[in-house]
Structures are given as C-alpha cells and as structure tokens.
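Reading through the structure tokens given below for one structure.
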Amino acid sequence: MKDKGTFTVDNSLKREYWDELYDLQMELKTINATYEFNGTTRYVVWDDTCLNPLEKEENGCSLFSPFNYFQNERDNICLGNKFLVNIDDNFINGLPCAGDFGSPIFPYLAFGGYEEEDYWNGEAMIFNFINSNVEDKESEQFARVMAWEGAFIKIMEDQAPKLKYYDVAYFCERSIEDEIDATAEEDLGIFLIAYLVIFLYIMIALGKYSSLRRVPIDMKVSLAISGIIVILASAFAATGIFGWLGVASNLIVVEVVPFLLLAIGADNVFILVMDIQREKRLEGESLDDLIARVFAKAGPSMLLCAMTEATVFFMGSVIDMPAIKVFAINAGIAILFNFILQITAFLAIVKLDLARQGGNRWDVICCYKSSSEKIKDEEEKESVIDIFFREYYTPVLMHDLVGFVVICAFSAMFGYSIYSISTAVVGLNQNLSVPADSYVAKYFDFMETYLMVGVPVYFILEGKYPFHKEDFSNLICGTSGCDLFSLSEQISRASLQPEKSKIATQATIWVDDYKDWLKPSSSCCRTYNCNYRLDEDDPDYSEKCDFCPANIDANSFPFNPDSCLDCQSALLSSEEAEDSFKTYLDYFLYDKPNEFCSKGGYASYSAAVNYTMADEIVYDSIQASAFMAYHPVCVDSVDCQANLEMGRELADNITMTIRQKVEAINNQSGLVFGDEDFVDPESISVWTYAIYYPYYEQYITLGTVALIQLGICFIPVFLFTFILLGFDVISGLIVLVTVGLIVIDTYGFCVLWDVDMNALTLIITDLISAAGLSVEFCGHTVRTFALTTEGTRKDRTIQTMSVMGPSVLLGVALTNLPGIVCLNWANAQLIEIFFFRMNFVMTLLGIAHGLILLPVILAYFGPNANKMKIYEEQQKAIDELGRTRSETKTDKKTDSMKMKAKGSTKITPTGPEYGDLEESAF
C-alpha cells in the first residue's frame, strides 16, 4: 500500500481502499481490443481469449482474485458472503469458495506474503487473468490473445501509477518478448556508435603517415570503408541464405556475428595492408606483382584461420540446441564469405588504393592530385610500433627470468580459472532478459517477495493402469484406506517440506473426487430413469441411462422417465464397485461443478484423463492421467532447475514404489505375463511437467554439452594447423594449447564478474573464443614463426613478433576493444553482461596470451625451422650467388677491355663470348 507502510489483506479490504482496485479489475475484465487479421480490423473481448473450464458458459472465464471470493459482486464485498463472512463478527474465516466461473479460489492463488495459513494477514493481493494457450502463431486465435494482452499492458501502464493506495506490478505472456524487442530498438544506437568507433579506429590505424602534408594522401578512409563493407556484406550474405531457406535468424545472430567478423576480418585487413606497407617494391615491379608477392606470404595464414574458424562453427552446430545451431551455421557461412570477398574484392580495392597513393591522389577525393613530393621507399620510416616490438618489447620478453615469470603467472591464472569455473552458476535468470528499470523486472521482484506458489506441476501417470481395481487405485488415492506410499501420499508429504522437495501444495487427485462423486450421499452421480416400466429383455432397455446433473430439479419420486436416480446403491460388492467405476467415468468428466455438486470433474479433470471406451457403456483403458500440484516460486534459474530436478526425483520415487507394489499384487494373485489381468510393472511410469521445464532442461546437461562442444571445437583447431603447416605437430599443439587457455581463462575470470553458464556463454565463450578471436590471436603468429628460418628460436621469435605483433595488436585487439567498450552502456542486461563483459575479458586475455605467453612458448618450445623452407632459401641463395658471380665475371671482362682500349681508337672484339659484334669506336 502506497505510503501506508506494511498492510494486510483484511484491513486493505476496507471500502475506502479496495474500491479503486475493484474498478481496475472490472476494467481489465471488460477489455475490448482491436486486431488485424487477413487485412480486416476485428474486435476481441476477454471471453474470446480466456480459459473457460466450463466451455462457453457465461462468466466462465478463469479469474483468480480476492474479489472473486465474493463472485466479483460489489454488494457481496460490502455486505459479506454467508460462505465466507460471519456478519455478526465481521470476520473473514478464509474458507475457499467458488468464484463466478465455478472453481474454488484457493487462498494461495489470491493472497501473498503470509506465513503458514494466515491468509488474511498477507501483505499482497494477487489477480490472475487466465488465457488459453495457443500454439499456432499464424492463427486468428493467437492474434486475438496478443491484442488482448497488448490492451492489458496499455491499461496497466496508464492506470497503475494513478492508484492512490496500491503499488501494482503486472505481467503477461508477451511481456518479455515485447521488452526484448523494445530494448533491441533502443540499443540499436549503441551498436551503431560501436561500429562507428571501430570504423574510425580502422581508418586511422591503417594509414602510414610520413608528413602532415601527405595525410590526405596516406590516410585509408576508402580502404577502411571497403573493408567494413566486405565484412557486413559477409554477414548479410549468410543471413540472406538463411532467409532463402526459410530459417529465421535470432537476436544473437544479428548482434554477435558482425562483431565476430569485425575481429576476424579486420585482422586480415591489417595483415594485408601492413605487409604491403613494409614490403619494398622491387625495381620494375608492378603493383600486381607486389600484391601477389605479399599475398603469397599472408594468404596461407588467412586460409588457415578462416578454414579453422568456419569448420569449428560448422562442427559446433551438431549440438542439439536451436539457438547455438542457428548461430554456429550462420557464423560459419559468414566467415567463408568474408574470406572469399577479402581475397577477391578487397584485394582489387587494395590495388586501386595503392595506385591512387602512388599517383599522389587524395583519399576519398580521388580526382584531386596533390603536388606533395612522393616519398621514396628508402626514405620511408619504420613505424614506432614496429620498432617497439623488434627493439624493446620482444627482446625483454626473451630474457630467461622474464620467461619463467610469464610461465608461472599464466599457470597460476589457469589454475585459478579452473577453480572459478567449478563454482560457476549454471542457468539464466529470467530477470536478466529485461532492463533493470522495466515493469517486468518489478513484477519479478514482487513475485519472489509475495507469491506463495509458483507454476503448476503435473505428475503424469503413463501406461494402462487399472484404476477401477481397488488394490491399484489405493496406490494413487489419498483418502482413508489408501496405501501409505501412494502417489497422493508421497506428494502430500513432500509438500510439507517445500524448501527441500520443491513441492508447495498437495496434488489434486481425480480418483478421490471421482469416488466421492460416485457415492449416493453426494447426489452427484445420477441418471434419468430411462428404463421406467421396461424389462431387461425389452429392446428399448438401456444398460446406461443419460446423465442427470445435480442441479436439475428432478425428484426421484414419484417414478417417471424424467426422474433422476442415483447411479449406484450404498452397498456394492467389489465386482459391482469396479463395474460402476468403469461405467460412469465419462459422466464424471462431463459433469460441470455447481452449487449442488462441487465434485463434477469437467472443469478440473476433463483434460487430465486420457481414456478409450470399450463400448457405449464402459471405458476400455486409461492410457494416461495427470495429477496437479504447485511448485514454489522461482525467479532465479538455480531455483527453477531445483524445482525441475526435485520434481523428477519425486516422480522417479513414485514410479519405483508403484512398480514394486504392482509386482507384489501380480505375485499375490498368481498372475504371470500373458494373463488377462496381468499388469506389466515396467509399462507404468510417472513423470513430471511444468511450463518452464523445456527451457530449464538444457541446464541440467549444459556442463556435459560444454565439454563436448569444447572437444569438438578443438579438433579442427589442431588439424588445420597441423595440415596447413606441413604436418607440423608442434605448431598444431601450440595453437591448440593457446586457444584452450584463452577459452578457459576467459570464462574463469567472467565468473568473477557474475556471468553464469548458459546457452549465451556457451555460444560466446566456447565458439567465439575457440574459433574466432583465439585463433586470430595465435594462428598467424605461429605460422610466421614456423616459416622463419634464420637464427635460434629466440631470434625467430623476435623476427616473428616484429612482423605479427603490430598486426595482432592493431588488427585483432584494438579493433574489437573500442566497439566492445561502447556496449557497456547498452540498456539490455543480456548485452551488457553476456556480450560486453565476456568479449571485454576475452579480448584482454587474448592480448595477454597472444602477445605475452605465446612468444615465450615459441621461444622455448616452438618447432624447429621448416626444412623445406630452409632448402628453398638455400637454393634461392645459390641461384642468387650464381647470378652474382656471372654478373661479376662479365663486369671484370668489360673493365679489362676498357683498359686496353685507352690507347687505341678502334677495337675489334673477338672470342666466342662476344659473338659477331661490330667494331665500336671510343
């Protein structure tokens, strides 16, 4: 209650308080909304969408609320109801009473915030408008429900702040989806800013500036734009293929794949451009030859990373999780498109840009030619970062003491990450799916604080079970004489300890209600006197007359065809009781509860018993039946998983008990398999279901799935490195170890930042780290090292890092980092937690492993120089030496001839090496 401190239900039901809340309930109950279907505007009211357990009877919509204790009648609330209120004492005793739709209003569904059964001292009132489930999203019924819920939200947004006395939280089925869509639109600007920041960085970092006057020439705006267009085109192409195949992309694909491609694609852009900038153009060499020569060095490295990453994603799609499957295939296709476009279209753009720069033309404004003097290759200065890596950073890292400290530090980091992962929480809290200031988040807070029960849980008994036999029904029922370990008794005892058992209420047992309904004293089971004055051998004689509901005013005396008679007598033999049970089950499930017979099973059990009729009189068998209880409230994923697991554990115990008892009954009766009355114990099972079970099912096995996913991802990481580097086992193992360390350390540190393990972390951590950024951080470096032949391992490491260090730092790390930081301000908690935090940690750890740990590993454990590469270089050196000697010999002979010719004006050269040459005068 607003500004009134803690209130209780009994004092809040004073007229001055409840009037505004009652008016709001009735306004919601009479919603009239519009919707579009097949091009026409149509209208919908709650009667069109609600769950009506009594079918289309007037006022049959299921509404659980405190006011429905009084049948939603204002006069009943004001004056008191004889079933609920002692008018003399004005004291509400809390006995459940039927609402206006015929069902009891259980206190735990209408009130909250109380202890034990002190309902009227509860601190909250609960209003549940129940709509029917609709599976077909293309149907008109689904459009009706969506329209009604949209109108509900609009009214609550408008009216809730105007309430004078009550603080209200609200929610409906479409709320989370609406909030996700809304935040996605709100965060679009954040993503655009992130892309803009990345673009500006690439544009600035790609250029190699020699002077201020040449900045308009040396900058790479057009090249940066082209690179980003290639990357985005790859993402759009992959999404387009999915659209062509009719597979819808999800939010993860739209937002994560472009960032993944930016990290991978930008690295390749930097490697190509920086290698070309470093490479001196040979005399007489064309631009085509220069690009071909550079691409011959960089291309295989790009191929190695692209094939590894794409294959890992494709293999990751074997996990049977729809979100991961769609994302993995989409990312794999996008990576292949990106590689193809970079080695074709982007190379062509690089050539055009080099021609522009060589022609002293401005970037972007290519038609303008500058008068600035061209810089010759020998005059170009080496970049500061190249000098830093070659002269300072890597030599220090190669010191033995530094290497020892690095190995120890990363080993400790790995050990701590393993421990941290072992303490990780598995799951995804539903309040993280909406912004922290959303009305849905407020509802989740209220739900956790005040609601007394959570969602219904159904115990499904499956198998042909002979309920009509007393020994078997006693294993199910919960009344006097039933087995102490019956299904009902086990659920009832579990509900006494809801914190441990995760069962909050007793189950509704249709068998108990059916037996009560059959009793003559209940006046429920009645049939018309259709056999009035007919003998049993009369052709019109019926063994089963039509059902006569209890609210039909038809006296049993005097006898006539319209009289109603009890279905069975008070005293029945065991065989007669069984026949009666089988005969009138369909009547029980057809009977609608009313003021004369509250045990009618239509509202509660018509959908809970799956049976087949042997003929028009008795049923043949009951294939399955459901018994409903309630779970405790769960908001956190851990609690919801506990509900699922404990529900299944209880169901398994019930299954085991029933099977043991059934086997004992068979043995006691001397029944064996094949006998008519034999019941196979193994055919009987009990299992549970709640509405969120399919969602939380994944988290039970997520740890195993994550390990399998990692194993699958690491296979191509090793194989492609091994094969494409000439069957180099050591290089393959180094890449594999580095990738694995990045993945493990990333999630280990993310656990400290409250990132739980779920499908989102499985996608981002295992897949992006292992197949995306991690391979980029180490794949290019290891290949360059493997193909470097001069000097010791440390010398080769210094040469490698002077070339690849700047590319990895500028291309992978700093390309991704500025854009990721922007996402810290995203409105969606899912983006801020599972995208910003994880990618931020991953990028920092990727830098650490790729630029600190990997060089140390290569310096001490790297592969020996490639023998084939050494042989090729030796042959090249021999050929070069031969050409040099030949040129030297020719030069010496020429010089000798020049010396002889100093005293003569005419020379006639002879000798086979000169051929037939004419005389030359000097």
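Glycine is treated like the rest: Cβ placed from N, Cα and C.
If you look up TrEMBL, you'll see 187-352 marked as domain 'SSD'. Annotation source TrEMBL lists transmembrane segment at 188-209, 221-245, 251-273, 294-315, 327-350, 401-419, 439-461, 699-723, 729-753, 803-826, 838-861. The annotation region 'Disordered' is assigned in TrEMBL to 880-922. Residues or ranges marked as compositional bias 'Basic and acidic residues' in TrEMBL: 880-898.
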Mind checking which residues of the chain, 6+ beyond the ends of the transmembrane segment (251-273), have their Cβ under 8 Å from one of its Cβ atoms?
180, 184, 191, 194-195, 198, 202, 205-206, 220, 223, 227-228, 230-232, 234-235, 238-239, 294-295, 298, 301-302, 305-306, 309, 323, 326-327, 330-331, 334-335, 338-339, 342, 346-347, 350, 760, 763-764, 768, 772-773, 776, 780, 804, 807-808, 810-812, 815-816, 819-820, 831, 835, 839
Region pair the transmembrane segment (188-209) / the transmembrane segment (803-826), three or more CB pairs under 8 Å:
yes
Contact set, same chain, for the transmembrane segment (838-861): CB under 8 Å, 6 or more residues outside the stretch:
259, 394, 397-398, 402-403, 406-407, 410, 730, 734, 737-738, 741-742, 745-747, 749-750, 753, 755, 761, 764-765, 768-769, 773-774, 776-778, 781-782, 785, 793-794, 796-797, 800-801, 805, 808-809, 812-813, 816-817, 820-821, 823-824
With a cut-off of 8 Å between Cβ atoms, can you find at least three pairs linking the transmembrane segment (294-315) to the transmembrane segment (327-350)? Only pairs 6 or more residues apart in sequence count.
yes
For the domain 'SSD' (187-352), provide the mean pLDDT of the predicted model.
83
Interface-richest range of 221-245, 401-419, 729-753, 803-826 toward the transmembrane segment (327-350), CB pairs under 8 Å:
221-245
For the transmembrane segment (729-753), find every same-chain residue at least 6 residues outside the stretch whose CB is under 8 Å from a CB in it, and list them.
410, 413-414, 416-421, 423-424, 710, 714, 717-719, 721-722, 761, 765-766, 769-770, 773-775, 777-779, 782-783, 785-786, 837-838, 841-842, 845-846, 849-850, 853-854, 857-858, 861-863
Other than its close neighbours in sequence, what residues sit by the transmembrane segment (221-245), given a CB gap under 8 Å and a spacing of at least six beyond its ends?
195, 198-199, 202-203, 206, 253-254, 257-258, 261-262, 265-266, 269, 273, 326, 329-331, 333-335, 337-338, 341-342, 345-346, 349-350, 353, 363-364, 366
